[in-house]
Each structure stands twice: as structure tokens, then as C-alpha cells.
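To keep things clear, I will list the structure first and then write my remarks on it.
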Amino acid sequence: MSPSSKVAVFGAGSWGTAFSIVLADAGNDVTIWGRREEVCESIRERHENPDYLPDVKLPEAITATHDPERAVHDADAIVFAVPSQSFRENLTEWAPVLPEVPMISLMKGVELGSLKRMSEVIAEVTGAGDDRIAVVSGPNLSREIANREPAASVVACADESVARRIQDMCHSTAFRPYTSVDVLGCELGGAYKNVVGIAVGMAVGLGFGDNTTASVITRGLAETARLATALGANPLTLMGLAGLGDLVATCSSPLSRNRTFGEKLGRGMTTDDIYASTRQVAEGAKSCASLHALAKHTGVDAPIAEHVEEVVAGRSTAADMMQAFIDRDTKAETD
Ligand SMILES: NC(=O)C1=CN([C@@H]2O[C@H](COP(=O)(O)OP(=O)(O)OC[C@H]3O[C@@H](n4cnc5c(N)ncnc54)[C@H](O)[C@@H]3O)[C@@H](O)[C@H]2O)C=CC1
Ligand SMILES: O=C(CO)COP(=O)(O)O
């Protein structure tokens, strides 16, 4: 996949659209598949997606359709950027028309029930081998990427040569991708930082300052690394862009939907009220439960995922969560 590939991007939300800008800037022709025809028409006819990226002019090389078959026509690669919990259902519909080309997940969640990562869902539904399944993950808040603010990310695929081809495909003047073969580490880093982002948001919503947020971020990284390495990730992945990098971006930025979700919980809103206040996805509100279950299943202690799940479910409060973190049995930092 040299620049000037044809890429199909499934998902016309914030990240699908912003990543399409990266791909177009890197010289590719992009067709976005969108769920709503009016969003597709706006992208196709007016080169804008005001629902998700207001005031951003999209490059001419981006078009859009609601027809999955047209979206993948002649595609050299396929990108997925829809909410994780509905992805299996979506992909099952799309699968019959997908060509045998690399598939790239931009999604940062773990499926409830099956506890599968998105790359595992792709493998199950399409039957593709791991040399055709990749993920892109890093500190990539969509609004900043759409504004062409410089940022780096990780392209992970078990087949390094495929990761390198995708790296070439999305290396633009503002976007610098690195390669990795640690798909699991990148995906767990991306899903876990959303849960930690919610916890940090709660601390902010409660009015606490930087000592509190830095403590939650650091213990969040420890929790992420504990689970990911127990499942086989390279510990260095968690210290990199898809781990620490994304955790820092999410936990420090008011642009993060997950941090904002937590902030609203911290200020006393209920989960239902928060869902009613936005149409955008905060993956951590669901993945707290799947990551907690995955940690339990793996025999790993995951207090942040556990307590975030309790608060999101309305069984506890943000204040109780923060107190529980302090009151836990004391231990060595590296245990
Ligand atoms: N927005 C960001 O800055 C980043 C988001 N991500 C990840 O990308 C994935 C997508 O997120 P965003 O684009 O930000 O979400 P979004 O909420 O902005 O957009 C989601 C898109 O999926 C569509 N959608 C919603 N429910 C659907 C369903 N049941 N079936 C089909 N399509 C559906 C929506 O219409 C919308 O086009 C998430 O996993 C997120 O964690 C990753 C990196 C950055
Ligand atoms: O993944 C992201 C940044 O890398 C986006 O974070 P939010 O989903 O919390 O907005």
C-alpha cells in the first residue's frame, strides 16, 4: 500500500472522519461508509461533517456512501471506526462484501459478554488471518488530528511488513505512525485508558487537583500493564504511544469524551442523564465492565475498572470510589 491507495473507512463519526483526513493528506482516495445518508451526502456534496467535526473542510479526496459494497469497491485496505459494542453486528452485515485486503481497527473497546478485543471480533466474523488484521492506536484526539496538529500513533499487526505498509499509507505531514507487532498490547492500552479517563474525570468533577489525577493516571497505567502483560503484551507497549501516550492525552484533555463522562459523574449526574446529553461514544462506560471481567478471569487485581463499573452502574458514587482507592489494603508499589 503505497500512497495513493484506495481506502474504505467504515464509520462517519469523529475518528472515522478525522482519520480519513490523515489518509487523504497522505495521498490516498478515501470512501467513508456512513450509517446516515444525510451525513454521507454532506461529506460527498459539501465536504463537511458538521455533526462530528464542525468547521472542518474535508479534502476532495474523501467521498462517502451508505452502501457498503460501493464503499469497498477497489479498496486496498479497510478501516473500522464504529462503537465497539455494536461492531460485531455491523461487521456481520458488511462481511459478505469485504474484499481480502488488510483490515484496520481504530476502535478502543472490549466486547461485553465475549470479552473480545476488536481484532479478535474481526478474526471471528471474517475468518481473516492475523496478517490481515491491524490496529491503529495512540494519543489521537480527533479534533486535534482534524486540525492537523502534530501527533504520533502506533500501527500494530502480527505481520510487521503489513504494519509497515499501513504506516506508509497513513504517514502525513502532521501524523507520524510507528509500527509494532503487539496488537494485544495496543488494543488493551487503548481500551483501558478510556476507563482510567473516566476515573480521572470523576476526580476532576469532584474538584480534586493534580496530585489526585496524577495518582489515578499512574495507578491506572500499573493496572493496564498488569492485565496486558498477564495476557501476553510486551510491557514496553504500555510505556509507549498506545499506552502512556494515549492515557496522558485522554486524562488531561477536556476534548476526551471519556474524561468528560467521568467529570459529569463526579458532578453528580447519572449515567442515563449523561447518555441523554450526548450522541458520541464514551467506550470506557461499557468497557469498564468487560475489562473488569477480563481481569477477574485472568486473576488480575483491577480496582479502577471495578470501581468505575460500580459508579457507572449507579451502585456507588464518585466520592465513594475515591475513598475506596485510599482505603484499600496497603502494598508495595510494584506488586
Ligand atoms: N474520537 C476520537 O478522538 C477517537 C476515537 N477512537 C475510537 O474510535 C471508535 C469510534 O469513535 P468515534 O468516531 O469517536 O465515535 P463517534 O461517536 O464520534 O462516532 C461513531 C460513529 O458510529 C456510528 N454508529 C453509532 N452507533 C452505530 C451502530 N449501532 N451501527 C453503526 N454505526 C454506528 C455513528 O453514527 C457515528 O458515525 C471508538 O472505539 C473510539 O474509542 C479512537 C481514537 C480517537
Ligand atoms: O481515543 C481517544 C484519543 O486518543 C479519544 O478519546 P475519547 O474517546 O475519550 O474522546
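Using the three backbone atoms N, Cα and C, a Cβ is placed for every residue, glycine included.
For the NADPH site, TrEMBL lists Ser14, Trp15, Arg35, Arg36, Tyr52, Ser142, Arg257, Val281, Glu283; matching the candidates Lys108, Lys116, Lys331 against that entry yields Lys108. Matching Lys57, Lys193 to the sn-glycerol 3-phosphate binding residues that TrEMBL gives (Lys108, Gly138, Asp246, Ser256, Arg257, Asn258) identifies Lys193. The recorded positions close to Arg257 (sn-glycerol 3-phosphate binding site), defined as a CA atom within 10 A of its CA, are Val281 out of Ser142, Lys193, Val281. For the sn-glycerol 3-phosphate site listed in the record, the two most distant Cα atoms among Lys108, Gly138, Lys193, Asp246, Ser256, Arg257, Asn258 lie 15 Å apart. Counting in whole angstrom, Asn258 (sn-glycerol 3-phosphate binding site) lies 14 from Ser14 (NADPH binding site) by their C-alpha atoms. Sequence-distant neighbours of Asp246 (sn-glycerol 3-phosphate binding site) (same chain, 6+ apart, CB under 8 A from its CB) are Ser137, Gly138, Pro139, Asn140, Gly189, Gly190, Lys193.
The two recorded residues, Ser256 (sn-glycerol 3-phosphate binding site) and Ser142 (NADPH binding site), show a Cα separation of 9 Å.
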